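Remarks on the structure that follows.
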Amino acid sequence: MTPTYLPFEEPGAITLLIYSSFLLFLNGLNYILNRFIFCGLVGQILLGVCYGVPGTNWLSKHSQETFMELGYIGLLLMVYEGGLSTSFNVLKANFHIALLVAFTGVSLPIALSFSILGYSNATPVAAFAAGAALSSTSLGASFTILLTSGFKQSRVGIILTSAAVLDDIFGLVMIKIISNLGDGSFNAISVIRPVFVSIALIVIVGVIVKFLMLPFALWFRKQKRSFPRILRILSMTKNYYFVLHTIVLIGLITGATYAGASNLTAAYVFGAALSWLDETLISVEFDTEAQEEKSNFNQDSIINNLESPITEFSNDNNGKEEFEIYDQELGFTGSKVFDEFYSQVVNKILQPIFFASIGFSIPITQMFIGRLIWKGFIYALLMIVSKFACGLWLIRFKKDENNNFSIQNTYPTSMLGLAMVARGEIGFLISSLAEAKGVFSPNGEPKEGSSSDVYIIVTWAIVLCTFLGPVSVGLLVRRIKKLVSLDKHPLGIWG
């Protein structure tokens, strides 16, 4: 008989110690590592390895599965925050560079992955699947690096987030392809559907925001003073914007998921669209006020206005309160609503749990086989080089007095290239799917009880990239911040 309720039971002392220490250590390690090298996520991943199945397995399997689901919500909100911090003008001016960076970050890992044929029993299909897993860029790591370092609104930060989202779209396509390869069914629809749905999502959201939401928001701001007082005050509070933004975000993510697009893409697109809408509304508001002030200044009746009292709000005892609320409304942007309602939960709970859940997926006990360790390191080195090459698109040359060319600044190039190195969640997802479908096995059948050599080699590469990328960026950011404190501009035009 199916139970109709869940009886409440007091958890034991050991259970409380395990879960409380897990959450405390997640935040403690994050604080310590961020303070020195800006890569707290590495400590959180290691803690996930220790507490999860790969290590002590102190957390139950059901708890780890729950943490993975909660962590993914944190990833969605991190990506959404990345969209909110995107400046549309900067994105528009640098989108062509983001496309080149994304293309490089996809093509080079796949091309270099065929080198795995020389030192493993991989098939060409397995090499392609390995390259697909290593072509992804960890959105969670990218956004965390930018938020921690304070460069989320810089040009290099905008290019990084845009390229990472484009790589995520490609990763979604690869998931469909690999799944079909493992099932023995391959058709064009399953490949092109995620691409066209993602493009359609971006176009539809852009059209709706520009031609529907923007005119409605402008009309609403002009007409709301004629609304009933309760409705007027309600629509001017931060709670109203929180509910509105959340409903639209959930609806868009749900619709994109069922349509076949990446829910991470939906979160980023809505955040970027909301950021553009906020920028446009504030710009229009200030332009209107400036025109009104100029018009009033040029009118001869300004003297009469100064001599006569202003009675528009004095007839209403609550007029001053309403005016103050209206004046504050310009501050209720998507970013400020996020900081007010989401920030603490994401930064202290959901984000640490997400990176710990990555640690749950690392098969640490199967990785230390002598003949596979050196192969994993070689493959990881190739994958680091393939992603670091993405930063070459930011190189600028300067000409000296003798007409000799030299590289102008290497900090933006290094920062972008190293930030693209981290693979993380999507890389593990693609490689795990390929292993489960038997794509990595020489005979095309999944191995029971053990992992294939190719899967271990790919896992080594993902793990090393996920650790070394953030650590390297953290050390570089520390150097950049030191130069900034000395009134230098290490990022130059990319800052």
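Just so you know, glycine gets a Cβ as well, placed from its N, Cα and C.
Here TrEMBL flags 12-29, 36-54, 70-91, 98-119, 125-147, 156-175, 195-220, 240-259, 349-370, 376-395, 454-477 as transmembrane segment. The domain 'Cation/H+ exchanger transmembrane' annotation in TrEMBL covers 28-278, 345-478.
For the transmembrane segment (36-54), same-chain residues at least 6 beyond its ends with a Cβ under 8 Å from one of its own Cβ atoms are 18, 22, 25-26, 29-30, 61, 64, 140-141, 144-145, 148-149, 352, 355-360, 362-365, 466-467, 470-471, 473-475, 477-478. Helix, strand and coil counts under DSSP for the domain 'Cation/H+ exchanger transmembrane' (345-478) come to 92 helix, 6 strand, 36 coil.
Cβ atoms under 8 Å from those of the transmembrane segment (349-370) belong to residues 22-23, 26-27, 30, 41, 44-55, 64, 67-68, 70-75, 77-78, 140, 144, 376, 424-425, 428, 432, 450-451, 456, 459-460, 463, 466 of the same chain, restricted to positions at least 6 beyond its ends.
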